[in-house]
Amino acid sequence: MSSFLNFNMNKEMKSYLLGFLFSSLLTTLPFLLAIEKFFCSEVNYIIFLLCAISQIIIHFVYFLHLSFDPEERWNLITLLFVIIIIFIVVFGSIWIMFNLNHNTM
């Protein structure tokens, strides 16, 4: 029983370390590109966006342990629901502020 727990712990620790290494690399890369100015600003924006999206995916996979297994379908449905609610709140607030600005002018 204890060897099973040690194997599972090592697998989990390896997952956390890989996630930490990937996320720290994807954090330092945009800082390096912004400081050193290797590319023009448009290319930097695209690289920043790709790093941010890939870092979100890495956090979901390595730290939240989301997968596409049939047993974990509810986790993905919950994540989709949270993303929809955040989208409604953020863009609804922007829409309301735009209309308030338009009505006061």
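Placement of Cβ uses the backbone N, Cα and C atoms for every residue, glycine included.
Among the features that Swiss-Prot reports, topological domain 'Cytoplasmic' is placed at 1-14, 67-75. The transmembrane segment feature in Swiss-Prot is assigned to 15-35, 46-66, 76-96. The topological domain 'Extracellular' annotation in Swiss-Prot covers 36-45, 97-105, and the record cites sequence analysis as its basis.
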Of the residues in the topological domain 'Cytoplasmic' (67-75), how many are helix, strand and coil by DSSP?
6 helix, 0 strand, 3 coil
Lying 6 or more residues past either end of the topological domain 'Extracellular' (36-45) yet within Cβ distance under 8 Å of it, the residues of that chain are 30
Could you give me three numbers for the topological domain 'Extracellular' (36-45), the DSSP helix, strand and coil residue counts?
6 helix, 0 strand, 4 coil
So what's the mean pLDDT when you look at the topological domain 'Cytoplasmic' (67-75)?
84
How do the residues of the topological domain 'Extracellular' (97-105) split into helix, strand and coil according to DSSP?
8 helix, 0 strand, 1 coil
